[in-house]
């Protein structure tokens, strides 16, 4: 077999992994974020000042926020269920060290601290969990698109051929989910003061970079003979085209229907699409082509997976718009966000039950078709990850209240504390200065599309220069760390110089 054919076979005909293993993996990013925050607070407790060195800040962020994910999806994947336990125990140890030292400094009862924590007022203009969610989806995607070409990346994590739940299958849907959370329809604060189709006009201008990137990827892949997984999107289609058309179509639908009813449109679309898959020959066409033997004749036949899966991705996008609108409801106190967490948990349970029913009554999860079970699965696990991040942020807020003056980048600011706080000799958490905000998450968030594009270019370069399939574990880890560190370093330098490469 040629090298191209060998690599295509290496990422084809796979069946995914279990929902439990994916859930265990989703707990790692929030635990890494919690660990980073607790270490910064502990440093402040010992030294009386935050980390001021840009070099050490980047190194800490990379080693704590990124490196554990690289290990967990390669050499440590056989013990993936133990890694969250180890990280949680490590975080608990740091927290109790902070609490014990703080307790000697201020003798406020624990119950009083908890009460004041619940009554604390948070910055209502910022929801760090949304930013962190979008950044981590980008980071996890960047890791997986290169790691999947190495033998140390478990085949069960790669995209399933037809049915199955692979980690990379979830990543595609989560990317759609993250984009919808911050779309113009969600961020628009005064819908009555703008024309009905203003968001659609903005999206028409905003998606041209995605279309350009899609065309660029198509031409570059075909011109250099780069290996492709044809059943993923088709012969000419790719994810950039999917994302652009989903955003455009969603904006059109949200201009026609009230955006607070987006979930109804999403349900109707997903159910109708599933009925067509189950009761017509549409499923057979997607899986086997127009002649039943996998033909790729004509544009529709050649790109049937990418074109027809738009229905499922559009349903995910619209449902995610509803989630974004709900999250952006004004909540100013910790108590209100704890109630919001309860709402997320109830929605998660409902989606989990619905997922089991969908698979029993229709068919298993299929990213290739983007069927109803796939949409339900993506929404359930995205809400799970988002809930983890909200819980992490609240835990860091509680810890910051124990240490006067401490700050954690990309975490809620406490803007007001109860009056009883002064009585116990405890102060509000100060706002973060510019230097303390120089963190990897903020850096990637400023240039997310550039980060994703750079990761794709670097992935292609590594595959062209290196025989990834026959690489040893040590070499694989070295390459993956260098690849991710380079991508992160570029974003960090741009952020440090306040450069945002976005002109649309």
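Each residue, glycine too, has its Cβ placed from N, Cα and C.
Straight from TrEMBL, the features:
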type	residues	note
TRANSMEM	22-44	transmembrane segment
TRANSMEM	56-73	transmembrane segment
TRANSMEM	131-150	transmembrane segment
TRANSMEM	162-183	transmembrane segment
TRANSMEM	204-225	transmembrane segment
TRANSMEM	237-257	transmembrane segment
TRANSMEM	264-286	transmembrane segment
TRANSMEM	306-328	transmembrane segment
TRANSMEM	377-398	transmembrane segment
TRANSMEM	449-466	transmembrane segment
TRANSMEM	472-494	transmembrane segment
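Counted over residue pairs separated by six or more positions, the transmembrane segment (204-225) shares fewer than 3 Cβ pairs under 8 angstroms with the transmembrane segment (162-183), which leaves the two as not touching. Among 22-44, 56-73, 131-150, 306-328, 449-466, 306-328 has the largest number of CB pairs under 8 A with the transmembrane segment (162-183). Residues 54, 58, 61-62, 66-67, 70-71, 74-75, 139, 142-143, 146-147, 150-152, 438, 440, 443-444, 446-447, 450-451, 454-455, 458-459, 462, 466, 500-501 of the same chain sit 6 or more residues outside the transmembrane segment (472-494) yet have a Cβ under 8 Å from a Cβ within it.
Against the transmembrane segment (377-398), the recorded stretches 22-44, 56-73, 131-150, 237-257, 306-328 differ in Cβ pairs under 8 Å, and the greatest number is found for 22-44. Across 22-44, 131-150, 264-286, 306-328, stretch 131-150 shows the highest tally of CB pairs under 8 A with the transmembrane segment (449-466).
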